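Record features, source Swiss-Prot:
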BINDING   Gly257, Ala258, Phe259, Gly260, Cys261, Gly262, Lys263, Thr264  ATP binding site
DOMAIN    485-662  domain 'DOD-type homing endonuclease'
Amino acid sequence: MAGALENARKEIKRLSLDDTNESQYGQIYSVSGPVVIAENMIGCAMYELVKVGHDNLVGEVIRINGDKATIQVYEETAGVTVGDPVLRTGKPLSVELGPGLMETIYDGIQRPLKAIKDESQSIYIPRGIDVPALSRTVQYDFTPGQLKVGDHITGGDIFGSIYENSLLDDHKILLPPRARGTITSIAEAGSYNVEEPVLEVEFDGKKHKYSMMHTWPVRVPRPVAEKLTADHPLLTGQRVLDSLFPCVQGGTTCIPGAFGCGKTVISQSLSKFSNSDVIIYVGCFTKGTQVMMADGADKSIESIEVGDKVMGKDGMPREVVGLPRGYDDMYKVRQLSSTRRNAKSEGLMDFTVSADHKLILKTKQDVKIATRKIGGNTYTGVTFYVLEKTKTGIELVKAKTKVFGHHIHGQNGAEEKAATFAAGIDSKEYIDWIIEARDYVQVDEIVKTSTTQMINPVHFESGKLGNWLHEHKQNKSLAPQLGYLLGTWAGIGNVKSSAFTMNSKDDVKLATRIMNYSSKLGMTCSSTESGELNVAENEEEFFNNLGAEKDEAGDFTFDEFTDAMDELTINVHGAAASKKNNLLWNALKSLGFRAKSTDIVKSIPQHIAVDDIVVRESLIAGLVDAAGNVETKSNGSIEAVVRTSFRHVARGLVKIAHSLGIESSINIKDTHIDAAGVRQEFACIVNLTGAPLAGVLSKCALARNQTPVVKFTRDPVLFNFDLIKSAKENYYGITLAEETDHQFLLSNMALVHNCGERGNEMAEVLMEFPELFTEISGRKEPIMKRTTLVANTSNMPVAAREASIYTGITLAEYFRDQGKNVSMIADSSSRWAEALREISGRLGEMPADQGFPAYLGAKLASFYERAGKATALGSPDRVGSVSIVAAVSPAGGDFSDPVTTSTLGITQVFWGLDKKLAQRKHFPSINTSVSYSKYTNVLNKYYDSNYPEFPQLRDKIREILSNAEELEQVVQLVGKSALSDSDKITLDVATLIKEDFLQQNGYSSYDAFCPIWKTFDMMRAFISYYDEAQKAIANGAQWSKLAESTSDVKHAVSSAKFFEPSRGQKEGEKEFGDLLTTISERFAEASE
């Protein structure tokens, strides 16, 4: 009966499959960790992609038996139950191939980790999340190829290209391998995302549209036109590998070694320095934002290039090493007044940033003690700010309150405890923190009221005004005096001449200062009352006209009241009252104080903000004397107020004030009729406050404005701000060198954080990898620009690790089809084999050695056979290669491990790592006695045409090392003195080779990367030293004496590694040629 019911149930289900939607579903029959068996799966195919359970977990069919299918699930299966639906997709597990692969970090099934983090706001990958591998929002500039409408096109043909980054500037757009037809339309040059159709072809009367991306099943090798024999070395920059155990572009390499032997170091070296075009390894601002460069000039962020230097907060340059670009939500930073109600500085501090831009913030600690009633009880509470991490891993400042109940401690006790707790809070005045713009919305409003950004003072001094004086045959040291005159002119100068008009009787000392400084600069002055006179006469007669008396010190005393002082105009001329060669007028015109567009506009140019500090202070002092007044507030602080009718003068003044660390703001008064019916003209009122203002006022001429010089520090000026989300735009960022503080100044002196840094969603290794750099054509570039990382996070199930190796090799084949030389680094294939073992165990398959499946060797071979050099499908002709470098981590460094032995049977190069060498800090820790390469003969053609002696030198070095190993065993028995001189030379030269040739310092500029030409020249030097020594011994010399007399030669050979490759091959060949000559000559002299 039970059997009949079961058959009936199956029949009912079978009949219901007539519904097309229902036919897509099966049901879970059993669950065992990542292995799920589903029933009612008739029609599914091997390696078909399925969605398991109500969470749509990604899985892949790996076995079919009747209507049951065994599925390996790539996500955690907790909570999945029998009877849950299984959705068939009808497609194999595939990856997306197209623009956007570079600089991206994926998990084992090509899910972008950063995009998942942004969507889920979690450092973990939520179950069932579905994020496209390639961004659908980023726009790429598509350039069509030579194909046009009507041309026939077939799989692999290139029909366009895009600029991805500065290292991959010709990402070719390919037609998928299985597509073909006649072109009916092709997109014009322009910006498109990866989904928009850019090509339409017709075949057999059917039209198909293609975008810049396509998909490809990971377990199927991409087809090629022809497999070629690899004949070019894969240069790693490591001497021991490039000389003794070379690999080819398109070869297979195995790196077995125990933990701590340096497998990852070699992997990073490959990524940084290898001659591959692409490596597959398993914040920013809106356009137009002005950045302050290291020389004080402003430059649009989109115009900045790698290698440029921007201004750091300490006035020192910061080198640009990367240029992140993208398309994202943007946020406008808008300055507010201290009350946070309205814009404060006329948009001077406004700028726009991308969502992942890091804001550098300061929150003023505000500890308050108050008594309050909560739920009928009285408490004494302490309110304060604290920096803490949220559940999603974001660090932000929060307002906290700690309460002490009166009903528990009594009133006095609660108040005492509150006071003690308040005293124990961190006493720093400000909390410094950094947060991404997109996360600022999570900050509480109460915290925002106390949170500010920083306007950093400019410590750099360009000396531009002094240099300008020098060019005009004046003393550089007079730059502050000229600065004062320029500031005074900006306040009360005539817009059409170098004349100053003073309206107050109090401005006599200002007039004196103008005449005095003009005299020092070789100019003369005249006034409206006294005609053109030289400076000394002018000053004397000027005061005589006032009825002044002169004392012995040369100072004047006169009656305060005089009608003559209602208005005084001083004209400044060139030497001898000439209208030509007027230094002040030339300065006003050429330095930008008079706007070029019209004669009636004054301005203070931007470059003054980076001039010498004394020049900046003198210029503001002149402006305060001319058009300002100084007030002492009730709290004892001093404020200077400057009034001007020129907007550009006000903006320039604020910028210079900010550059000195002086707080400033602009209050705009539009033209209006006041309460008394008087017309008031347009005016900009600039308020200046802060301790550094004392440096300015000490340079004023008028007594009412002067203050004594006091000690002060130039701290950043804080400004309140609001963050407003705006539309998506293209963003432009810059990445600064790793050793810097990652902070630089915008043109408005806002202190900002560089872009391109990775978040905390990766493991430590993945944090380090994006921060590595390589040098390309003299430019320092992040290696992520030519790298795609396929990473398996620690919390990903075992099945995803099994798939990751196929994901990586498929991405590598895609770039090979573009004509690139690709290195795929599998680190480590042992983890992949362990994943294979676990799944095999759950499937109940017969285990082989150490529990690994019997088909381990076949699986490894099917992976490695996808390496090689090949002619790609399609036109134009392209030759590319995929090199596989697999790190293996055998337990305890045992090379008889099944994974190691299976890998060695397939790969052609074996770089064996030695734990003892690693413990001695000998890196790369390659054991030369067990390592080998089967590519040496294949590469002879390359060596013959480039370095003819290379094979002989390599064989000689290996022979010396091999003989020395045998001799070391003899020395342990009989001692070194029992050896012949010839054998002693072999031992000494072998030691020299090990310490100065095989060993490399990865942290030095001279040795981190060794080009093949330097490796070759060093090999010649070492072998020449060996040959000359053996020749001298054969002629009767004693090695002990000879070694002593030629110790300088040995030192020179040992120091050959210190030659900087950046000096170039020609210089290197000359230096090594001189070394070879020296070796021959010194041994010849010593032998005589």
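Even glycines carry a Cβ here, placed using N, Cα and C.
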Site with most surrounding Cβ atoms, counting all protein chains shown within 10 Å, from the binding-site residues Ala258, Cys261: Cys261
Sorted by sequence, non-Gly257, Ala258, Phe259, Gly260, Cys261, Gly262, Lys263, Thr264 residues with Cβ within 8 Å of centre, ATP: Ser889, Leu913, Lys915, Ala918, Ser925
Average model confidence [pLDDT] within the domain 'DOD-type homing endonuclease' (485-662): 76
Least Cβ-crowded entry, counting other Cβ within 10 Å, from the binding-site residues listed as Gly257, Gly260, Gly262: Gly260
Cβ neighbours of Phe259 (ATP binding site) where a neighbour is any other Cβ within 10 Å: 11
The one of Lys263, Thr264 whose CB sees the fewest other CB atoms within 10 Å, among these binding-site residues: Thr264
Three-state secondary structure, which DSSP defines for Gly262 (ATP binding site): coil
